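Visitor: Below are the features I grabbed from TrEMBL:
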- 323: active site, nucleophile (ACT_SITE)
- 551: active site, proton donor/acceptor (ACT_SITE)
- 325, 553: substrate binding site (BINDING)
- 1-16: compositional bias 'Basic and acidic residues' (COMPBIAS)
- 83-93: compositional bias 'Pro residues' (COMPBIAS)
- 122-132: compositional bias 'Polar residues' (COMPBIAS)
- 160-170: compositional bias 'Acidic residues' (COMPBIAS)
- 1-205: region 'Disordered' (REGION)
- 576: site 'Interaction with DNA' (SITE)
């Protein structure tokens with residue numbers, strides 16, 4: 001029985017992804033078929049004359065331009081129909097692979113897991129590579145034999161262009177695991193007696209120490225209520241004040257009666273085990289976006305658990321995903337909301353950097369309270385109810401009524417959500433980046449010299465943004481990010497984008513498989529070389545998480561010396577038009593593909609002018625500083641650095657586990 005491979009975050013436009021090694025005809029590179037998503041790729045000439053140089057290596061640049069998102073999509077609340085686009089032709093040809101590689105043997109007794117083969121290739125590729133990982137060797141590597149790939153490993157010549165319009169988190173769902181090419185018998189290593197079976201997505205899972213989980217109410221930052229997830233393997237002080245899902249669901253935080261889990265990726269058996277034994281039979285509603293076969297697999301996973309029911313989110317726009325990650329917890333003592341960045345699978349709570357906002361326990365309102373009772377200064381209650389109503393789901397009606405009965409006045413954050421649809425008029429400001437723009441205009445104030453206050457965006461996936469920066473990033477998205485109050489001044493401050501370089505992934509706790517959660521594809525990257533000038537390394541020395549690759553998504557506006565913040569946002573939304581929305585029809589409407597959710601912190605809600613940055617967030621103290629999860633100022637890419645691209649080989653240097661990365 002194969003280890004479970006829970007689903008990985010959605011690449012919103014669901015395109016060509018790596019699938020681990022497969023046994024292929026000797027002269028053919030055959031990527032995953034496009035037909036499941038209805039895209040027709042354009043083959044790209046691998047001729048060296050077609051290569052473009054950049055400081056991050058050579059690229060084969062696609063001749064295709066971005067498709068206009070102004071397609072025939074109805075206004076919000078309607079559905080779409082129509083035949084899928086034609087299936088794609090086979091991918092481009094590459095040279096035969098003849099080199100042998102040293103491979104660890106497969107474990108004789110793989111760890112027990114669900115029989116369901118669920119998960120995306122983002123998760124499955126690391127899984128298959130780890131079940132039979134390719135070890136680094138000093139002789140010419142398998143990747144070195146591929147056509148047009150420089151021997152130094154710096155070139156990105158894999159060329160199979162598609163119109164990748166918005167990868168979100170690499171969680172595009174796949175039906176089954178790809179096959180691996182069998183290793184040469186001469187190169188197989190004998191299994192060491194003490195060797196444990198490898199786990200999915202990276203390193204062998206390390207058993208957490210006894211004191212990893214909380215046995216008493218922990219010391220937490222009650223000012224901002226922004227927390228990082230615990231990371232297995234870190235020094236204890238870096239987990240002091242951080243939370244694991246088992247901590248969140250423990251009786252220490254409330255006596256649970258019912259709960260709802262909004263998410264994309266679910267490992268049902270693992271998730272149920274995170275609930276304390278006394279709460280494991282309490283009613284649990286799962287809100288998901290799965291359809292057809294994926295939905296059937298999800299329901300099959302839950303078959304042994306009669307207390308679980310489901311709500312399917314409506315996804316009316318092509319390539320949209322249900323990407324929101326939220327818990328609603330109803331206690332005997334009240335009601336709590338957690339908005340987070342983690343999927344409900346073990347890998348996301350193991351050795352990745354994740355974040356969350358956890359509300360206080362909201363008490364029940366007195367009997368006879370008025371309709372608007374229990375509202376916060378940030379209108380959190382109204383906005384949460386509006387977000388839940390956008391699902392148009394009978395399964396959520398009881399929860400909407402329940403929330404109305406509680407006092408949410410202690411919430412000090414603003415809700416920033418996305419829901420699928422095409423919006424016009426005043427509805428344009430309800431969702432996506434225009435919602436954020438409205439909040440920043442209404443609840444922040446201009447600062448002196450704001451043209452020198454950089455915008456910082458940090459994310460785990462990148463969508464297609466056009467042939468130049470003005471198409472969406474600076475022409476639309478940055479306009480939102482630079483809004484401070486109602487000033488008509490629209491400065492052009494520095495823009496720092498934090499995304500892991502190859503070296504960050506290689507030296508991470510998980511090694512190369514951590515890149516399965518960073519699905520920036522070469523097909524997208526080669527069409528937007530201009531973007532990489534904005535990139536900065538993932539470094540998180542202050543939080544002890546430099547080697548825990550980020551799945552968290554944060555955006556903020558910092559002072560020139562990086563000691564103050566004008567605002568801070570933690571969200572599920574990556575850097576993509578699908579997540580944030582894109583203007584259409586001469587800016588008279590906005591189209592959003594996916595469900596997303598985050599919370600915005602503005603200083604005025606905390607009676608501050610700006611947030612001071614907390615330089616040493618761990619262990620938790622009573623400091624008024626905001627705990628930014630990575631180091632400020634960000635470190636710009638050097639000329640030798642390359643952004644992590646998940647569907648090309650990395651064979652020139654081994655990762656922390658001695659393996660290389662060979663996607664098929």
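All positions are counted from 1 along the displayed chain.
Yeah, the Cβs are placed from backbone N, Cα and C, and that goes for glycine too.
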Visitor: To the nearest whole angstrom, what is the C-alpha distance linking residue 553 (substrate binding site) and residue 576 (site 'Interaction with DNA')?
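Guide: A Cα-Cα distance of 12 Å.
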Visitor: Could you state the whole-number distance in Å separating the C-alpha atoms of residue 551 (active site, proton donor/acceptor) and residue 325 (substrate binding site)?
Guide: 12
Visitor: Within 10 Å of the Cβ of residue 553 (substrate binding site), how many other Cβ atoms can be counted across all chains shown?
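Guide: So the Cβ neighbour count for residue 553 (substrate binding site) comes to 25.
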Visitor: To the nearest Å, how far is the Cα of residue 576 (site 'Interaction with DNA') from the Cα of the residue listed as 'active site, nucleophile'?
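Guide: So the alpha carbons of residue 576 (site 'Interaction with DNA') and the residue listed as 'active site, nucleophile' sit roughly 12 Å from each other.
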Visitor: Could you say which of the recorded positions 323, 325 has its Cβ with the most other Cβ atoms inside 10 Å?
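Guide: Comparing the recorded positions 323, 325, the most crowded Cβ belongs to 323.
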Visitor: Out of 551, 576, which of the recorded positions has the smallest number of neighbouring Cβ atoms within 10 Å?
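Guide: Taking 551, 576 as the recorded positions, the minimal 10 Å Cβ count falls on 551.
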